[in-house]
Amino acid sequence: MSISTHVLDSTRGRPVTGMLVLLSHQDKGDWRQVASARTDGDGRIREWGGSVSGTGLFRLEFHSGVYFGALGVNTIYPEIAVSFLVTDPAVNLHVPLLLSPFAYSTYQGS
């Protein structure tokens, strides 16, 4: 299984570089962080620096407040958590995030 993401600032029309993203897996009702990474120059995280495996509920936590704070912009969303269900451990999941200081959207990418 692989999980990737792509973060785009829809206000500026640019990829978000250097944003911290945490990857967690729900285990018996509790969230357990399994990896963390920062977006690259294209706003992407392709690898998590270790093996990510299993099925069940996963969550990506995007630290958007730090990003907007560095730009001198206030945001209502200092952290954005996107949870998703993995039913097939052989699947490759891509979870893009489009964000602005006052809105965000995501979808299942390819």
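Placement of Cβ uses the backbone N, Cα and C atoms for every residue, glycine included.
Residues or ranges marked as domain 'Transthyretin/hydroxyisourate hydrolase' by TrEMBL: 3-109.
As annotated by TrEMBL, substrate binding site applies to HIS6, ARG44, TYR107. Annotation for ARG44 (substrate binding site): same-chain Cβ neighbours under 8 Å, separated by at least 6 residues, are SER4, THR5, HIS6, VAL7, PRO15.
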Inquiry  = Checking the spread of the substrate site as listed (HIS6, ARG44, TYR107): what is the longest Cα-Cα distance, in whole Å?
reply    = 15
Query = In the predicted model, what is the mean pLDDT computed over the domain 'Transthyretin/hydroxyisourate hydrolase' (3-109)?
reply = 95
Query = What is the Cβ neighbour count of TYR107 (substrate binding site) at a 10 Å cut-off, with all protein chains included?
reply = 10
Request  = Provide the number of Cβ atoms within 10 Å of the Cβ of HIS6 (substrate binding site), excluding the reference atom itself.
outcome  = 19
